[in-house]
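Engineer: Here's a structure for you.
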Amino acid sequence: MSPTDPHSLLGLSPGAGEREIKHAFRRLAMRWHPDRNADPAAIEHFKRLRAAYEDLLAEYSRCPAPAAAPHDAQAADARPEPPPEAPPRGADRREDLVLTMEEAFAGGEKAFTIADEIPCGACGGSGEEVLRHTRLCATCHGSGRVRDGRSLTACADCAGRGYLSRQACGACHGSGQARAARKLHVRIPAGVLDGDELRVAGADEDCDRSGGEPGDLILRVVLAPHALYRLDGRDLILSRPVSAFRMLLGGELPIPLPDGVRHLKLESGRATTRELRVKGAGFPGRGKQRAGALIVRLVPVLPEAPDAEILALLEIAESRLQNTLSRHLPDVASWEERWLPDIPETR
């Protein structure tokens, strides 16, 4: 339709009735009448609107719209309308759910916030806002036409009207959408691992705009790095410094776990780096997967800068060890027996 066509100027479709023609002209006249619009180009545009209005009224008076034939209406009523199709189900939405080692170990409920896209409150989701005063289209300078090669075509920016009554919404920048935070409470099973997926059925309201069933929210578990623990499958591994004397003496050793403290029995006799392994005491089992083992790497530590009292006690212990060297320190005894007896002392 040409931008100079009377129907186009008044924003009407071909075949519009007298009432529609008058209503369209009154609406546009309120906007473009020189007494209401200070734009210098408003006078010429108003003249074009009046001319289009008069042409359409004259045409309508000569050729009024024909009334619908009765048999046509009956035929239309006789055709049953097909049932409306059910709106499609919304697509599933995927997000990452970051958990601490303690949260994944014990399970429970965790608050999770997601950002939904909702219709912009400023423009109602249209992406446009109505201008307080219409203005000439800057692309076609109010003519409604632009040159395309050797011909003139309707201006796409103003739909051939020559003026703009709307502009992109300043709040959503024309997208029609806004972001809104929504909080969910997600149940976390005990023993979830990095990469596991949790499905929250029907929780993706962001996909439920067409009236169909909302999609699911799928949360991929991401375990945050921990300063103490690491995982090998479901085996829970940690290193624990221990006094070398405690490793010699043995006894109970407190071990921190994600859900509390557990006391392990430490066998006496060796002050070397070694591992304690407790089957089933690691990460909890889930489904068909069994619980892992707790693996504690014990690292012996000697005292730094011992005071006089500790040195005296150590001297007593060392003297007694020297008396039973072959029993308690066999490596030292064999070495001294091999290399010391026949070597004369030097001054």
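Note: Cβ is positioned from N, Cα and C throughout, glycine not excepted.
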Engineer: If you look at how Swiss-Prot annotates this chain, which of 68-91, 260-283 comes out as region 'Disordered'?
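Structural biologist: Region 'Disordered', as annotated by Swiss-Prot, spans 68-91.
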Engineer: Taking the repeat 'CXXCXGXG motif' (137-144) as reference, which of 120-127, 155-162, 169-176 has the most Cβ pairs under 8 angstroms?
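Structural biologist: Per the Cβ count, the answer is 155-162.
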Engineer: Relative to the mean position of the Cβ atoms of C137, C140, C155, C158, the recorded Zn(2+) 2 site, which additional same-chain residues have Cβ within 8 Å?
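Structural biologist: Leaving out the recorded residues gives L136, A138, T139, H141, G142, S143, G144, R145, V146, A156, D157, A159, G160, R161, G162, Y163, L164.
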Engineer: Calculate the distance in Å between the alpha carbons (Cα) of C137 (Zn(2+) 2 binding site) and C120 (Zn(2+) 1 binding site), and round it to a whole number.
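Structural biologist: Checking the Cα atoms of C137 (Zn(2+) 2 binding site) and C120 (Zn(2+) 1 binding site) gives a distance of 25 Å.
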Engineer: Going by Cα-Cα distance, pick out whichever of the binding-site residues C123, C169, C172 is nearest to C158 (Zn(2+) 2 binding site).
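Structural biologist: Ranked by Cα distance from C158 (Zn(2+) 2 binding site), first place goes to C169.
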